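Everything on this sheet refers to the single structure shown next.
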Amino acid sequence: MQFIDQAQIEVEAGKGGDGIVAFRREKYVPAGGPSGGNGGRGGSVIFVAVENLQTLLDFRYKHIFKADDGGRGGPNNCTGASGKDLIVQVPCGTTIYDAETGDLLGDLTQPNQELIIAAGGKGGLGNQYFLSNRNRAPEYSLPGLPGERKLLRLELKLLAEVGIIGLPNAGKSTLISSLSAARPKIADYPFTTLIPNLGVVRKPTGDGTVFADIPGLIEGAADGAGLGHDFLRHIERTRVLLHLIDATSDDVIRDYNTIEQELQAYGRGLNERMQILALNKIDAVDRETVDLEALAIQLNHLSHAPVFLISAVTRTGLEPMLQEVWGILDQVNALEEAEVFS
């Protein structure tokens, strides 16, 4: 499936129906009064978050979404039919902005969460509304009001508890395929992963945790270099970052610092997110020339985060690393619950 994480669309709510001018014409009411009904309300445009969508691909092919107009008023004080609301389904994790002002309109993170994004126009008034002691036969009515019209920018931020980050070719796709049933494209060259891959990793309890393999970041990603700028936003919703570092690199410390600097430059508290570090590809390291334990100690001193020696290919060290992930997630969940009840 092609991954589309941004889209620009136009939405327009329905116009309110027009009020009408009408008079009672019953046989035994020779001086019938006004009976023109009001117009119906225009339909609204409502966004609904659903679980079975993972991309904004549908919005690439359809850019304009319009709800139905309200019906005209009728005689005998009948109000026109309301226009049908237009329901637009979006993936959970969709953030909606006004494309012209940049204002945040909504953030749909939960299944079935709804947001009225454009309200339908109010129906116009029929002439019966204008009946008064001074005017017993008003011959005018009001048209319905237009519905709201907006130009929107949609952004999809993945809903994953654990974000796997690192430079290109750190082994992120291999790791997520080893941990879960996900089968991302894997090859030995940079930027193999062009879209974020999701995998569900099972805890010993059987509960699933969503991991996201974030495409490789490079120096300058926060300023738009490489693939990073478009994908850094996906890290925003994660609770824990699993920072993967290639143990076969010529300079492991430099690689670590490169990613940390990009997280700090991007802001939004990403550099303060709880992290676990993993030196990957230890099966390919010459232990006689590389002291992995010393590198792990250096990284621990730099990051103040736990460091694990792993191989995603041979699955060496994955279980202890996962136990640390589960423990940190439990801490984060406990802190969030404490904040809710405090």
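Keep in mind that glycine also has a Cβ here, set from the backbone N, Cα and C atoms.
Look at Swiss-Prot and you will find 1-159 tagged as domain 'Obg', backed by sequence analysis. According to Swiss-Prot, the feature domain 'OBG-type G' maps to 160-330. Taken from Swiss-Prot, the feature GTP binding site covers 166-173, 191-195, 213-216, 280-283, 311-313, and the record attributes it to sequence analysis. What Swiss-Prot records for Ser173, Thr193 is Mg(2+) binding site.
Using a 10 Å radius centred on the Cβ of Lys172 (GTP binding site) and all shown protein chains, the other Cβ atoms total 29. The average pLDDT the prediction assigns to the domain 'OBG-type G' (160-330) is 81. Cα of Gly166 (GTP binding site) to Cα of Ser173 (Mg(2+) binding site): a span of 11 Å.
There are 21 other Cβ atoms within 10 Å of the Cβ belonging to Lys281 (GTP binding site). The CA atom of Lys281 (GTP binding site) is located 13 Å away from the CA atom of Ser173 (Mg(2+) binding site). Here the Cβ of Ser311 (GTP binding site) has 22 other Cβ atoms within 10 Å, regardless of which shown protein chain they belong to.
In the three-state DSSP classification, Gly166 (GTP binding site) falls within coil. Put plainly, the binding-site residues Asn169, Ser173 were compared by Cβ crowding within 10 Å, and the winner is Ser173.
Summarising the environment of Pro215 (GTP binding site), the number of other Cβ atoms within 10 Å of its Cβ, over all protein chains shown, is 24.
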